[in-house]
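Participant: My questions all concern the structure below.
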Amino acid sequence: MPLCLSPSRLDGPHFSCLYPDGVFYDLDSCKHSSYPDSDGAPDLWNYGLSPAVPAASYETFDPAVATFSHTQGVQLCYGPSTYSPVGNLDPAPSLEAPGPGFPAYPMEDFTSQTLGPLAYAPYPSPVLSEEEDLLLDSPALEVSDSESDEALMAGPEGRGSEAAAKNAPADKDATKPAPKEALPQEARAEPPKEAPPEDQSPTAEEPTGIFLKKPDFVSVETGKDAVILAKLNGKELPDKPAMKWFKGKWLELDSKSGARFSFKESHDSASNVYTLELHIRKVVLGDRGDYRLEVKAKDICDSCTFKIDVEAPHQDSAGQSLESFKRSGEKMPEDKGELDFSSLLQKRQVVEEEKKKKKDDDDLGIPPEIWELLKGAKKSEYERIAFQYGITDLRGMLKRLKKAKVEVKKSAAFTKKLDPAYQVDRGNKIKLVVEISNPDLPLKWFKNGQEIKPSSKYVFENVGKKRILTINKCTLADDAAYEVVVKDEKCFTEVFVREPPVLIVTPLEDQQVFVGDRVEMAVEVSEEGAQVMWMKDGVELTREDSFKSMYRFKKDGKRHILIYSEVTLADGGHYQVMTNGGQCEAELIVEEKQLEVLQDIADVTVKASEQAMFKCEVSDEKVTGKWYKNGVEVRPSKRITMSHVGRFHRLTIDDVRPEDEGDYTFVPDGYALSLSATLNFLEITVEYVPKQEPPKIHLDFSGKTSENTIVVVAGNKLRLDVSITGEPPPVATWMKEDEVFSGTEGRVHIEKQTDTSSFVIESTERADEGRYTIKVTNPVGEDVASIFLRVVDVPDPPEAVRVTSVGEDWATLVWEPPKYDGGQMVTGYLLERKKKGSQHWMKLNFEVFTETTYESTNMIEGILYEMRVFAVNAIGVSQPSVNTKPFMPIAPTSEPQHLTVEDVTDTTTTLKWRPPDRIGAGGIDGYLVEYCVEGSDEWIPANTELVERCGFTVKNLPTGARVTFRVVGVNIAGRSQPATLAQPVTIQEIVEQPKIRLPRHLRQTYIRKVGEHINLVIPFQGKPRPQVTWTKGGAPIDTSHVLVHTSDFDTVFFVREAARSDSGEYELSVQIENMKDTATIHIRVVEKAGPPENVMVKEVWGTNALVEWKPPKDDGNSEITGYFVQKADKKTMEWFNVYERNRQTSCTVSDLIMGNEYYFRVYSENICGLSDSPGVSKNTACILKTGVTFKMPEYKEHDFRTPPKFLTPLPDRVVVAGYAAALNCAIRGYPKPKVVWMKNKMEIGGDPRFLMNNYMGVLTLNIRRPSSFDSGTYSCLAVNELGEALAECKLEVRMPQ
């Protein structure tokens, strides 16, 4: 029974047992009431019982008895407790496969013990504080209470091991006497087994890959040195490997990791073994954790992991731990008696209090720089930092951080630091802005610890106190950590470069291939070097699996290609390409390739010592096969040869013997097909019989009709071997009608043997069809026979292939049978379709289709397709027909909505409707309106051309008839379902009372200026069309000056140029029979008013003058809104404004100058503006002097002279060689000082590379294309008669990196 010692964050450890039923039981809740421990709780063990050993190795655990009836191996482990809030016992993980939090320890043997009855004493569920609310199941974390870490530390010195038990101090007072009872011999504890050798450690991994020996698990005490060893197999490496050591996942150990880490590498050329060593000097607690060794050599990469455990130093008091584990019973040997844990439990509190004080003063072995990193980090980052730097005592670290007071230091150099992180899309630019307190402070930028130099990639800008780093055309290499350094202060940030979404430009296409074909599935994306993921039937295709499935990936710029060299049936399926910006899918159909026999094997009859040859022709040149004789495979020899040239397979037997006679069969590899023929051996017996017999033709058609008809497939070879007899040997002649064949070479030729005449056509054609005659003659007589040759072929392609109708995802294909059926009845048709522009055709049927009309489904609406048809007969498949015109599966629209009647007259009806709800990809071309007169079933179209707008007036309807209307939408797919009125409409005009709808702006006086046009549009209603009349003052209007246009629903009153005479009151009347409606419109035409009259200066006093006038005679048919008054000095006659919009006919002009004489003029103003001419005063206002004299005050002239003084000094500059530089400063001084520029105390002369400017006191020295020789101290000297001033700066010219 495995026993797990589990720590608790309560005041003492508790014990747990893992029984064979897989449940983790807490032994603290099972203490017997007869034994109290140091805390007053019931005792854990009952020492008085020692039952007999049962026969079985394990028995069912009974919680009510809790008895160990025999000695069992107990496995100790250190793991977290699992108490629940209500006191039940939670199951714990199995110890069969200890995880990172449950390290395995050597087996301990305990004697049989008896547990008392269960006494449930639930512990409260420990609650983590805010700092401790973290995930504590990380593989690299060993979280424990700081008070009991040392006592419960895993390893040779921990309490869970035998060594720890020996080192524990003994406490005599804590030991209680136990009952004296001898144990049976079988219950004695066996001594612990020796640990396996280092190379047979259970944790060591078997060497795999390039590793001959992987690093072992290392346990070392603090302050000692550690050496980690690994060996590599050089035979597996193509080149010298590159090795990297890592701590955790990403922390690389190199020369910058510190002087404590050193690396050694050696190579044994004899055995070709590389030996790698990692040396760690004076190990600290922070060094423990998981490590990784990574090895790379060209395309080979492998890695392995190992762990370093750092332990506290050994205690001097050896054997104290084991002394605590005493056995009960007097005068008992050390290996007998029951274990007594009481001394260990009682001494625990004293030991832990001493170690707690020591633990509080300890820094946990964590370097100071990591403490500073933890103080500035967020609480959510604690676990990541602890895992990265190997900190396993997370709880102690949290307590230490809680006690530390983090003081936020205010930066003296930075007034605004960098943001924590920046994000930019690849190819764009980004600006990093930092603001410093002193613009004269030097500043440096770093990227991943390397200083950044100015270039076209990195541009530095100084704007006041802001320092800006601009990174142009960001790439993935710019994804890094950046640092700004000002004196001793730094600020950091990270730049994340985001990949733009990769779009699919050219998607995958469906393909249909045969087994063994080469397949390339290509997709084009928007970015070169983009990452794409290939999937087949939802499973990702990787390069690791490509060797199993015989496929490979290829990149060609933006094209990504999946290649199968020889495709198999298992490679068929749905393939999908996924990027971060889209996906596409296509289907690969793989079919078995049918093998066709173009020429069968023929029977052969040969004589002794002659040559026999069997020949056959199949459709595939790559097909191989075997020859068999009577079921036994034929092996090549000197007489027997087998050849394979193109589609022809031959078996040649030289010097034929009687034993060669038999059945010969050719079997193609990979096909359930066989071709057989017979070799007949002809024995020759020579008998001389001097006789004569007439010639005879022997024809054998194997049961064919008496017409002697032979059927041959066009393109195949025809050989007619006709046996003839007669003495003397007859002469054979072959004819087709009147054509005689006598040639022995060519496509059609004759072959002659002794008793056989052969007619051979190498490649038959349709023109070869006909009746052939053979005539044999000799002196005794003649014989004639005829043979009808019928040439059959594949049919011609179908004709008139066209698409008659289409739908949302279907199309109807119609065609005519081929004119020539190839001599065999057409058994059906095969159909294919493809997307327009694609080169890959997809089969629509695998079984022949017998009809000439086919409906293709499962198409995508809005995509152009093409289709073609093949004819099939018994011979084969015809050539494809002409492709159909490109067509698009488009469904008609839905019916128009909300069809209503807008107006009805005696002969017309106006309809209105709304567009259909569903229009689809084909859009809508227009609408067709139809009507049906009541009593008839005929729908008459009302419009010959489609109507695009949603309204139409149907004309020429019979008056008084009841008519039903309907509207259909039309697009490329045809007519939609009609929208029909629910009730018929009576064609009869409805009388509607006339009513004028006067616009709001005409309900008050309508004002226009002279010369402007008057355009009044007044709508009205009424049926039938009302009579409209315009009058002015009761009299008809002058139609020569006023234009009136009246329609069915409005009337227009138009005057091109308005005059004052057009003002007045107009009356509009709308009348239908005795019904009438009228409206009155007031129109006023205005213009500018005339000048005021009798402008006079009535009175003058002091510097004031009273001016009066009379209103103008003509006010311009508009109210006078005010007067505009001006004055002018008689000497200059320059007019100045005095009053604007003065409403009175008099005004007082003040602040006139004494001694001057003034004229006055007044303009009248109305809605049209000021009058064209003013009214000028007839008399003047003379302002007399009063005799007052002016005495000029005395004042002292101010001295504006000042010595030179620099307002803005010269700042130090760092520039890049080759780029223009400018030094700027500002100076003040009067008289204007003389400025002299100097370099290194030497005046700059007339060097054309230096340009000096002085604009309003701003001095500029421009240096054209500076070089490293231009570096130095520049000074500016300003001198005038009152003194001089000097400003200096340092210029550093750096060469570009």
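Cβ atoms here come from the backbone N, Cα and C positions, even for glycine.
From TrEMBL, for reference:
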COMPBIAS  169-179  compositional bias 'Basic and acidic residues'
COMPBIAS  187-196  compositional bias 'Basic and acidic residues'
COMPBIAS  324-338  compositional bias 'Basic and acidic residues'
DOMAIN    501-575  domain 'Ig-like'
DOMAIN    593-665  domain 'Ig-like'
DOMAIN    695-785  domain 'Ig-like'
DOMAIN    797-893  domain 'Fibronectin type-III'
DOMAIN    895-990  domain 'Fibronectin type-III'
DOMAIN    994-1082  domain 'Ig-like'
DOMAIN    1091-1186  domain 'Fibronectin type-III'
DOMAIN    1204-1292  domain 'Ig-like'
REGION    142-215  region 'Disordered'
REGION    317-338  region 'Disordered'
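In terms of burial and nearby residues, how do these features look in this structure?
Facilitator: Mean pLDDT across the domain 'Ig-like' (501-575) comes to 88 in this model.
With DSSP classes pooled into helix, strand and coil, the tally for the domain 'Ig-like' (994-1082) is 6 helix, 52 strand, 31 coil.
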Participant: Hey, which of 501-575, 695-785, 797-893, 1091-1186, 1204-1292 has the most Cβ-Cβ pairs under 8 Å against the domain 'Ig-like' (994-1082)?
Facilitator: 1091-1186
Participant: Taking contact to mean three or more C-beta pairs under 8 angstroms, with sequence separation of 6 or more, is the domain 'Fibronectin type-III' (797-893) in contact with the domain 'Ig-like' (695-785)?
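Facilitator: Yes, these stretches are in contact.
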Participant: Which residue counts does DSSP give the domain 'Fibronectin type-III' (797-893) for helix, strand and coil?
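Facilitator: The composition, in the requested order, is 0 helix, 39 strand, 58 coil.
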